[in-house]
Amino acid sequence: MTLIPTLAETVSRARADLRMGLPVMIGGQLAAAVETLSQPRLQAILALGQPVLAITERRAETLKARAYDDGLARVQVPPDADLRWLRALADPADDLRVPMKGPLFTARDGDTAPHRAALGLAKSAQLLPAMLVVPASPQLGPQPGLTELAPGPLLAHLAQEAAMAPVAAARLPLLAAENSRLHIFRPDDGGAEHYAIEIGDPPRDAPVLARLHSACFTGDVLGSLKCDCGPQLHAALNAMGQAGQGVLLYLNQEGRGIGLANKMRAYDLQNQGFDTVEANHRLGFEDDERDFRIGAALLKRLGFGAVRLMTNNPRKVAMLEGHGIAVTQRVPLITARNRHNTGYLDTKAEKSGHLL
Ligand SMILES: Nc1nc2c(ncn2[C@@H]2O[C@H](COP(=O)(O)OP(=O)(O)OP(=O)(O)O)[C@@H](O)[C@H]2O)c(=O)[nH]1
Ligand SMILES: [Zn+2]
């Protein structure tokens, strides 16, 4: 082992760079996240060449820009474009108030791997997927100090699941179950830690009552009425407490993987009349950006091979089954409706296939 950073470490750095507003180099092209770009950095970037703005096909649909590349559009940036113009393309907050951003011209042909990799990196940094990309040119020489990545390995890395290592565990008596342990797992790619709450001492050779719970700060901690997460979390822990055993994975995939800031952007769009799926799409995300392979990996690390899964989401069942965990039973987890969450639950049933 040398001190040279591995690919996982370099990707982790690149993510942090983008979140700070620092560009990165991808395959000799310079890529910067619009969300965190400052005016002086934009000026420095424009001095290096004529950039394009890479956005997802989802965002392009809303902006009525042609996406010639599968899943991706490269919008030509006019020479007089300023930060406000770029931000308006990246962020749908004002789409309804200022609807026409166009006409937008998009590139076709050519290598799109750097743009694709740049968008993947933005998503994995939980930033709006809108990346300013300056093509390689004699003007754009090596940029000392900027993190450098090759698009192929970066794309392959982003598609891979991070290796997860146990960090610490301790007894943690809970209201729902006194005999509980909290385990902390840390991924090797600098991403968020995930938790497992083990209730009782479930035998490893029988299907365990299990739940894969995605973090919801607003529902779990604040008691938000807009979703069913808080009541689901407590109902699952209570059921495990009553059964005397179970395992609840608390996965830090806030907002179905888009992060809390983007979830609040999505809520703002929902207040403008869009449903939970449409709001994600307008932001440029898929409706669900979570990687459930993490759940399967953690269950395996804890020694479980079969679960009775508490969920209404058939995708969770399919993903576990597809990654080596037998789901012997799906245990529905239905909680009370109120006037704030009923539309959300209807959308999950109609568009996301939830069995509610
Ligand atoms: N993007 C987005 N995320 C949301 C919204 N409402 C809730 N969430 C997130 O959705 C996730 C819900 O997770 P879960 O309850 O584990 O999953 P689920 O797909 O609903 O499936 P089950 O609850 O198992 O049936 C959490 O990460 C929440 O933060 C929303 O309107 N937009
Ligand atoms: Zn929630």
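Positions of Cβ are set from backbone N, Cα and C atoms, glycine also.
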According to TrEMBL, Arg211, Leu212, His213, Ser214, Ala215, Gln232, Glu254, Gly255, Arg256, Thr311, Lys316 bind GTP, and the residue from Thr276, Thr328 that belongs to that same site is Thr276
What is the maximum Cα to Cα distance, in Å and rounded to a whole number, among the residues Arg211, Leu212, His213, Ser214, Ala215, Gln232, Glu254, Gly255, Arg256, Thr276, Thr311, Lys316 annotated as binding GTP?
23
Return only the integer: C-alpha distance in Å from Glu254 (GTP binding site) to Cys227 (Zn(2+) binding site).
13
Length of the line joining the Cα atoms of Arg211 (GTP binding site) and Cys229 (Zn(2+) binding site), in Å
12
Asp288 (active site, proton acceptor) to Ala215 (GTP binding site): how many Å between their Cα atoms?
13
One should report the C-alpha separation between Cys216 (Zn(2+) binding site) and Arg256 (GTP binding site), rounded to whole angstrom, as 9
Within 10 Å of Cys229 (Zn(2+) binding site) (Cα-Cα), which of the recorded positions His213, Ala215, Arg256, Arg290, Thr311?
His213, Ala215
